[in-house]
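Student: Features from TrEMBL:
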type: DOMAIN; residues: B:34-548; note: domain 'Cytochrome oxidase subunit I profile'
type: DOMAIN; residues: B:590-845; note: domain 'Heme-copper oxidase subunit III family profile'
type: TRANSMEM; residues: B:51-73; note: transmembrane segment
type: TRANSMEM; residues: B:93-117; note: transmembrane segment
type: TRANSMEM; residues: B:137-156; note: transmembrane segment
type: TRANSMEM; residues: B:180-206; note: transmembrane segment
type: TRANSMEM; residues: B:218-244; note: transmembrane segment
type: TRANSMEM; residues: B:278-297; note: transmembrane segment
type: TRANSMEM; residues: B:304-323; note: transmembrane segment
type: TRANSMEM; residues: B:443-465; note: transmembrane segment
type: TRANSMEM; residues: B:485-510; note: transmembrane segment
type: TRANSMEM; residues: B:601-619; note: transmembrane segment
type: TRANSMEM; residues: B:713-734; note: transmembrane segment
type: TRANSMEM; residues: B:825-847; note: transmembrane segment
Amino acid sequence: MGGETGARRAPARQILWLAPGFCLWFSALVVVYVLHSVGCAFGWSAGTLRLSLAAALIIHIAAIAGLWRVQALRGPNPSFGRTGVFLHWIIIGTLVSALAKIVLTLGPTLFLSACT
Amino acid sequence: MSSSQDDTATSGASPPAASAGAALSLHRQLTEIWKTGPGWQRLAAVNHSVLGIRFMVTALVFFAIGGVLGMLTRVQLATPMATFMEPGTYNQVFTMHGSIMLFLFAIPMLEGIAVYLTPKILGTRDFAFPRLTAYGYWCYLFGGTILTVSLLAGVAPDSGWFMYTPLSSNVYTPGINADVWLLGVTFVEISALTLAVEIIVSILIMRAPGMSLDRMPIFGWYMLVTALMMILAFPPLILGSILLESERAFGLPFFDPTRGGDPLLWQHLFWLFGHPDVYIIFLPMAGLLSTMIPVLAGTVLVGYRAIVVAIIGLAFASFGIWVHHMFTVGIPHLALAFFSTGSAIVAVPTAVQIFAWLATLAQGKPRWNVPMLYVFGFFSTFVMGGLTGVMLAIVPFDWQAHDTYFVVAHFHYVMAGSIAFPLFGALYYWLPLLTGRVAVYRLSVPAFWLIFVGFNMTFFLMHLVGLLGMPRRIYTYPDVESWTWLNLLSSVGGFIMTIGFALAVIDLLAQIRFGRRVRRDPWKAATLEWAMPIPPAPYGFASIPHVETRADRVAVGEVAPALARGEGYLGFTRHGWQETLGVHMTTGEPEQLIVLPRTTYLPLWTALATAAAVLSMLAKLYWLTALMAAVTIALFVLAARMAGFDRDYGRLPIGRGVSLPVHTEAAHPPAWWALVFTLVADATLFTSLVFGLLFLWISAPNWPPDAVPDTDLALALAAMAVLGISALFARAALHALVGRRAPRLWMALAALALLAVIGAMVVLIAGLAPHPTAHALGATAAALLTFVVVHAGIGLLFLLTATLRLASGHASPRRAIDLHLTRLWIDYTAITGALAIGLVLALPALVTMLGMRP
C-alpha cells in the first residue's frame, strides 16, 4: 500500500447532506400527525383540516424536490475526487427515496375521512 | 515533512522493524504496552478484543437463560390447563424471557461484535474511549445480574417486556417488580448509549488512513447507521422509564388518567424506542451477512451504493412507523393509514439488501459450508417474518391478529431470522479469528438442521394458533381441540430447537478446544481483520495500514506481513504509549495522533458505584442513592482529570514521513465529537419530554386541571437571562485560555451563574401550580425545570473538571479541549433551558386554548 495523492478533500459537512431528505420526510410525518391531532381536538372543519394537511405535504415535497434539483444540477464536485462522487450519488439516492416515501405514505391518506 | 528515521530517533521512538527478527521485537514491545495483565488485573482490562469477547460470552449466557425461560413457557403451554407454573410465576417468566432476549442478549451481542470487530475491520488499534467501553461492559453485567437475581428472588418484572401502564403502575404492581425493570433496563440502556456514541466517533475519525467513506467496508456503514439510530432511539425509553419510576416512587402522574396523565404516553415513548430497536438489532447482523456472503461466494459485494442508501432509508423509516404497535388503541383512520403505509414500505429497503445478497451469490460460486447453511437459514426465516410483518402492517388484518400468537410467530421469525441464524453463521466464520482454530464440524450440520426444523416447528404453528384466536400472554388455555395439538407440537419443536442450539454450542466449544490451528485467513477473505496474526495480539495491527482500495478488496496475504514488519504507520513504540491515528471524516486523511489510556480499575469502581446507586433506589434508600451518585460523579471527574497529558508535544512523527499533532492539541479530538453526539442523544430526550407535555395537553383526560398554572414570570425570565450570561462567561473563559490569559475569573463567574439558575429552578419547582403530584401538568412542568437543574449541574462539573486540569497542567492554550467542551455544554444548556422555561411560562396560554375545544 503506497501514499495518498493530494486532491482537495470532500469536506466533512458533506456527510450532513445524507440526512435532509429523510429528515424532511420525518418532519412531514410529524407535522401531518400534529396538525391532524390539533385540528381534530379543536374541531376544525374537514375542509380546513384537509387543506392544512395538503399544504404541509406540498411544502415538504417541494423542499425535497428542491434539494434534489440543487444536487442534481450541481453534480459531483470533481475537485472532491472519488469520495465526493460517491457521496453525491448517495445523497441523490436518499433524496429520491425520501421523495417517493413521502408521496406514497402521506399522499393517499389525505383522501381518507379525518378525525374518525 | 521530516524523515521518519530522524524524527523517530529524536522523539524517543524506536525505529521501524526491517526484518523478521525486528518484527518479533516490535511485536514484543507492542504486546508489553497493550497487554492486559493476568489474574485480578483482568478486571482492569480496557482492550477492545478482551471486552468484545466478554460482551459476547456474557450475551450468550443471557441467551441461554432467556432460552430456558422460553422453554419453561412452552412446557406450561404444551397442554391445556397445565399446572406447571402459577400464573404469577408465568408472568415473570415470559416477561423476563422477552426482556432478557432483547435487552441482555440482542443489543449487548451486537455491541460485543461491534467492539471486537469494528476496530480491526477499519484498520485501527482500538476504539476511541477504552475506559468507557469497560464501564459499559460492567454496567451491562451488573444491570443484567440485578434483573436475573430478581427472577430467583421471585420479584422479577411481570407486566410483559414492554411494561404497559397502568398494569406496571403502582396501583396494579405495588411490589418492586416493575422498579427492577425500570431501573435495571435503564442502567443497561445508558451503558448501551455510551457505547453507541463511542462507535460513531470511532468509525467517523479512527479509520485507517486512506480509508475514505467510499472505501470503508460495508460493515462500517452498517455500524455507523446503527449507532446513530441508538442515540436517537434509546432516549425516549430512558425518559419513559424515568417518568414511570418517578410516578411509582414520588406520585408524579404522567400516566395516571385520573390526574391528567395518559397510559398511551408510555406506549408512544416505548414504541418510539421499540420499533427502531428491532432494526438496531437487525442492521449489524445484516452487516455481518454483507461481509460474509461475498467471501463465501468468492466475489465482491453487489450493490454497495444501493445498500448504503437502503441502510440510511431503513434507519429513518424505522422511526416513522412506531404506531403500528398501537393500531388498536383508538387512533383516527387517517393516522392509522400513514403508519400502515409506512410499515409496508419499510420492507423495500430491506428487500434491496436481500436482493443485493442474492445477486452476490448469483454472481459468485457459493461454498456450501456451515456458515452458508446459517445464511440460508437467515434467508428463509427472515423473509417469512418480513412477509408476515407486511401482513400485520395492514390495519384490518392487524385488528384481527393483534395480541394473538400470530404476532408472537411474526416477531420470532424476524428476530431469530435476523439475529440467531446470522449470529451462528458469524461465529463459525469468525471463530478462527478469535481462537486461531478452524471448526471440527462433526456436530455443526446436524445441529443446524435441528435448530432449523425445531425453530420452524415451534413458531410456524403459532401463526395458525394465533389465527384460530389464541391470545398471547396467557398462562393457560381451555381444551379447544384446534389449539391443543398445535401448542403441543410447538412445544415439541421448542425442545428440538433447544437440542440443536446445545449441540451447536458444544460444537463451537469443541472448535475452541480441539480445532485445527490456522495461522491466517482460512476463508481467503479480503477484509482487514484477517491481516493480522490470529488470534489477534492485544495491539491488533503492528503497524497501521494505508488503504488504497475499498477495504473489502485487501490483498491480505501481502498486507499482513508488511504490517507485521512495521511498514505501515506507527510501526514503532514511543514512551510506552498506546498509539493509534485519527483521520478526516470523509477522506481518511490522517489528522491526529491519538494516545489511548491503558489498563485501569476505574471503570469497574465507577460501575460498582452506579450499581449501588441503582440498588439503593430499588430499596428506596434515597439518601444512599444521593451518596452513591456523588461517588459515581466523583469517579467520572477523576477519570477526566487523568486523561491526556500535562505538557504540549507539538507534532510527532507517525512514520512514512508524516508528523501529526497529538489528539490533546488537535482542533477536534475524539472527546469533542463524543460530546456532540451525546448532545444529539440528550436533545432527543428533551424533544421526547416536550412531546410528552404536548401529547398530554392535547389528548389526556381530565385537562385542564383545577389549579391555574402561575409561574413567577420575573424569576423565570431572570433565570433565562442568567443562563445566557453563563454561556457568555464560558466563551470568555475559553477565549482567555486560548489567548494565554487567566480564565479562572470567567470560569468562576460562569459557575456562579449556573448556581443562580439552579436556585431559581428550585424555587420555581417549589411554587408550581398545580402541584406535581396533583396533576400531570404540574408533573411535566417539574420535569422540564428539573431538566434545567440537571444540565446546569453537569455544567458545574465541566467547570470543576476544567479547573482541576488547569491546576495540574493538563489544560493549556494548545490543550484547551476542556473549555471547548464546557462552552459547548453550557451553550446547549442555555438553549434547551430557555425552551424549557419558555414552555413552562406558556402553560397558562396552553390551558386557556383548551377552552376553545368544542
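Cβ atoms here come from the backbone N, Cα and C positions, even for glycine.
TrEMBL does not curate its annotations; it predicts them automatically.
Quick one: how deep are these features, and who are their neighbours?
Tutor: The list of residues near the transmembrane segment (B:51-73) in space but at least 6 beyond its ends in sequence, with Cβ under 8 angstroms from a Cβ of it, reads 45, 84-85, 90, 93-94, 96-97, 100-101, 104-106, 108-109, 111-117, 130, 133-134, 137, 140-141, 144, 148, 151, 434, 494-495, 498, 501, 505.
Long-range contacts of the transmembrane segment (B:93-117) within the same chain, counting only residues at least 6 positions beyond its ends with a Cβ under 8 Å from a Cβ of the stretch, are 48-49, 51-56, 58-60, 62-63, 65-66, 69-70, 72-73, 76, 85, 127, 133, 136, 140, 144, 147-148, 151, 156-162, 181, 185, 188-189, 192, 195, 199, 219, 223, 226-227, 277, 280-281, 284-285, 288, 415, 419, 423, 426, 430, 434, 473, 529.
Counting only same-chain residues 6+ beyond the ends of the transmembrane segment (B:137-156), those with a CB under 8 A from a CB of the stretch are 51, 54-55, 58, 62, 65, 69, 89, 92-93, 95-96, 99-100, 103-104, 108, 175-177, 180-181, 183-185, 187-188, 190-192, 603-604, 606-608, 610-611, 614-615, 618.
The list of residues near the transmembrane segment (B:180-206) in space but at least 6 beyond its ends in sequence, with Cβ under 8 angstroms from a Cβ of it, reads 95, 99, 103-104, 107-108, 111, 114-115, 118-119, 122, 124, 127-129, 132-133, 135-137, 139-140, 142-144, 146-147, 150, 155-157, 159, 163, 168, 216, 220, 223-224, 226-228, 230-231, 234-235, 237-238, 241-242, 244-245, 248, 580-585, 591, 594, 610-611, 614, 617-618, 668, 670, 673-674, 677-678, 681.
Sequence-distant contacts of the transmembrane segment (B:218-244) (same chain, at least 6 residues past either end, Cβ-Cβ under 8 Å): 110, 114, 117-118, 121-122, 163, 165, 168-169, 178, 182-183, 185-186, 189-190, 192-193, 196-197, 199-200, 203-204, 207, 252, 254-255, 265-266, 269-270, 272-274, 276-277, 279-280, 283-284, 286-288, 290-291, 301, 304, 307-308, 311-312, 315, 318-319, 527, 552, 677-678, 680-682, 684-685, 688-689, 692, 783.
Outside the transmembrane segment (B:278-297), and at least 6 residues removed from its termini, the chain residues within Cβ reach (under 8 Å) are 102, 106-107, 110, 113-114, 121, 217-219, 221-223, 225-226, 229-230, 233, 307, 311, 314-315, 318, 353, 356-357, 360-361, 363-367, 369, 371-372, 375, 378, 411, 414-415, 418-419, 422-423, 425-426, 429, 523-527, 552.
Listed by sequence, the residues of this chain that lie at least six past the ends of the transmembrane segment (B:601-619) yet keep a Cβ under 8 A from its Cβ atoms are 43-44, 46, 131-132, 134-135, 137-139, 141-143, 146, 176, 179-180, 183-184, 187, 245, 249, 625, 628-629, 631-632, 635-636, 638-639, 642.
Only residues 6 or more beyond the boundaries of the transmembrane segment (B:825-847), in the same chain, are considered here, and those with a CB under 8 A from a CB of the stretch are 675, 679, 682-683, 686, 690, 693, 697, 703-705, 708-711, 713, 716, 719-720, 723-724, 726-727, 730, 750, 754, 757, 764, 777, 781, 784-785, 787-788, 791-792, 794-795, 798.
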Student: In the same chain, which residue numbers or ranges, 6 or more beyond the ends of the transmembrane segment (B:443-465), come under 8 angstroms Cβ to Cβ?
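Tutor: Those are 74, 370, 373-374, 377, 381, 388, 405-406, 408-410, 412-413, 416, 420, 424, 428, 482-483, 486-487, 489-501, 503-504, 506-507, 510, in sequence order.
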Student: Grab the same-chain neighbours of the transmembrane segment (B:485-510) for me: Cβ-Cβ under 8 Å, and only residues 6 or more beyond its ends, written as numbers and ranges.
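Tutor: Sequence-distant neighbours of the transmembrane segment (B:485-510): 60, 67, 70-71, 74-75, 77-80, 424, 427-428, 431, 439-444, 446-459, 461-462, 464-465, 468, 470, 477.
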Student: Mind checking which residues reach the transmembrane segment (B:713-734)? Cβ under 8 Å, same chain, six or more beyond either end.
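Tutor: Result: 743-744, 746-747, 749-750, 753-754, 756-757, 760-761, 763-764, 788, 792, 795, 799, 816, 819-820, 822-823, 826-827, 829-830, 833-834, 837-838, 840-841.
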